[in-house]
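One structure is given here, and the rest of the page talks about it.
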Amino acid sequence: MNVTNGVHIYNDGGLSGNSSMSDTPVFRAVNMVINFLSIAILFIAMISLGCTMEISKIKAHILKPKGVAIALLAQFFVMPLSAFSLAKVLQMDPIKAVTVLICGCCPGGTLSNIFALIVKGDMNLSIVMTTCSNFAALGLMPLLLCILCQGFPGLQNAVPYVGIVTTLLCTLVACTIGILINHYKPKYSPIVNKTGMWILLISSIGLLALSAYVVKDVLWMIVMVDVLTTAALMPLIGFTLGYVVSVICKLSPKCSRTVSMETGFQNIQLCTAILKVAFPPQVIGPMFLFPLIYVAFQCGEALLMALCFTLYQRLKPPAGDKDANMHADAKQEEEEEKKHLQEHQEWSAEDDYRRD
């Protein structure tokens with residue numbers, strides 16, 4: 001992407017970049033560190049995802065691809081279309097629009113696996129869907145962005161496809177490394193996941209602190225009404241329509257809950273890395289922090305849905321318990337009938353004895 005054109009688009013949208021800092025050595029150094037941390041976090045997260053994936057599970061779902069196919073349809077149709085519609089309805093400027101579109105076109109994120117477990121979804125399906133969507137994104141994400149950006153003046157030639165594809169390739173390499181570790185050295189997978197979790201936590205705190213420092217003067221721009229509205233509605237639409245599509249396609253309730261989580265959760269690490277690395281800082285400005293706002297809303301909404309599901313499960317007895325109760329009632333009625341029959345026989349015998 002041409003930086004001059006990007007800055008022009010950025011300024012046309014009514015936002016000013018952080019160009020005053022972009023020429024200082026300190027800013028350039030901090031920006032390089034942020035870029036490194038973004039890629040490192042993405043790489044570690046995808047290795048951890050690969051370490052949870054088994055080749056046998058991938059083969060099983062490839063042979064019966066209904067669930068994965070429906071999930072991919074929801075992921076790469078519902079979310080991009082939702083992002084496009086919200087950007088249009090809220091009349092976002094080009095930089096905000098391209099940020100939202102990139103987030104909407106991202107594949108599923110690893111957080112979906114955690115929440116699929118919380119709502120008692122199909123964990124095998126969840127992990128396979130996350131992995132498959134990240135591989136499918138290599139072709140689908142640039143294609144969808146190319147199509148959707150036609151609806152926004154100035155974005156047709158402004159999307160850095162080379163940077164996006166390069167970042168996607170990075171995710172696939174990392175995920176493949178994790179799959180190979182889990183396949184050939186499965187005993188190391190828990191160690192990789194545990195170590196990766198700590199590295200992710202420390203790196204994320206460092207990334208957040210440095211990012212806040214870089215955009216401290218324009219940080220208010222990412223908490224504007226249109227940005228917050230989009231961040232709140234996108235995951236909610238994904239969760240809802242993901243479940244609706246699954247029900248229409250006659251998936252089981254367990255699989256439907258899984259697809260719902262997979263659809264609403266985006267790969268935030270990938271989105272952050274693309275926005276920070278593929279775009280010059282003078283162009284993207286503070287909007288590279290949009291995924292952090294999105295992840296806050298998607299986790300909050302998913303927790304609320306999980307709470308509602310848990311309450312529903314507690315208030316409504318499972319089908320198995322209903323069957324057990326019916327069986328117990330039938331058995332009790334049978335015992336009462338036997339008791340009444342026995343008493344009737346005793347009374348009859350007593351009457352016969354009196355007659356004699």
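Backbone N, Cα and C atoms are what each Cβ position is placed from, and that goes for glycine too.
As annotated by TrEMBL, region 'Disordered' applies to 321-356.
Sequence-distant contacts of the transmembrane segment (32-55), counting only residues of its own chain at least 6 positions beyond either end whose CB sits under 8 Å from a CB of the stretch, comprise 110, 113, 127-128, 130-131, 134, 167, 170-172, 174-183, 189, 192-193, 196-197, 199-200, 203-204, 206-207, 210-211, 214, 269-270, 272-273, 276-277. The feature transmembrane segment is assigned by TrEMBL to 32-55 (among others).
As annotated by TrEMBL, transmembrane segment applies to 67-86 (among others).
Sequence-remote contacts of a segment are chain residues at least 6 beyond its ends whose Cβ falls under 8 Å from one of its Cβ atoms, and for the transmembrane segment (98-119) they are 45, 48-49, 52, 71, 75-76, 79-84, 86-87, 92, 126-127, 129-130, 133-134, 136-137, 140-141, 144-145, 148-149, 152, 155, 158-159, 164, 230, 234, 257-258, 261-271, 274-275, 284, 287-288, 290-291, 294-295, 298-299, 302, 305-306, 309. Residues or ranges marked as transmembrane segment in TrEMBL: 98-119 (among others).
Outside the transmembrane segment (131-153) by six or more residues, the chain places 46, 49-50, 53, 58, 61, 68, 71-72, 75-76, 80, 83-84, 87-88, 94, 97-98, 101-102, 105-108, 159, 161, 164-165, 168-169, 171-172, 175, 179, 262, 267, 270 with a CB less than 8 A from a CB of the stretch. Annotated transmembrane segment per TrEMBL: 131-153 (among others), in sequence order.
Long-range contacts of the transmembrane segment (159-184) within the same chain, counting only residues at least 6 positions beyond its ends with a Cβ under 8 Å from a Cβ of the stretch, are 1, 39, 42-55, 98, 102, 131, 134-135, 137-138, 141-142, 145-146, 149, 192, 267, 270, 273-274, 277-279. What TrEMBL lists as transmembrane segment is 159-184 (among others).
Tertiary neighbourhood of the transmembrane segment (196-215): same-chain residues 18, 21, 27, 30-31, 33-34, 37-38, 40-41, 44-45, 47-48, 281, 285-286, 288-289, 292, selected by CB-CB distance under 8 Å and a gap of 6+ residues from either end. According to TrEMBL, the feature transmembrane segment maps to 196-215 (among others).
Counting same-chain residues at least six beyond the ends of the transmembrane segment (227-249), those with a Cβ under 8 angstroms from any Cβ of the stretch are 66, 70-71, 73-74, 78-79, 82-83, 86-87, 90, 92, 96, 100, 103-104, 221, 255-257, 259-266, 290, 293-294, 296-298, 301-302, 305. Look at TrEMBL and you will find 227-249 (among others) tagged as transmembrane segment.
Annotation source TrEMBL lists transmembrane segment at 291-312 (among others).
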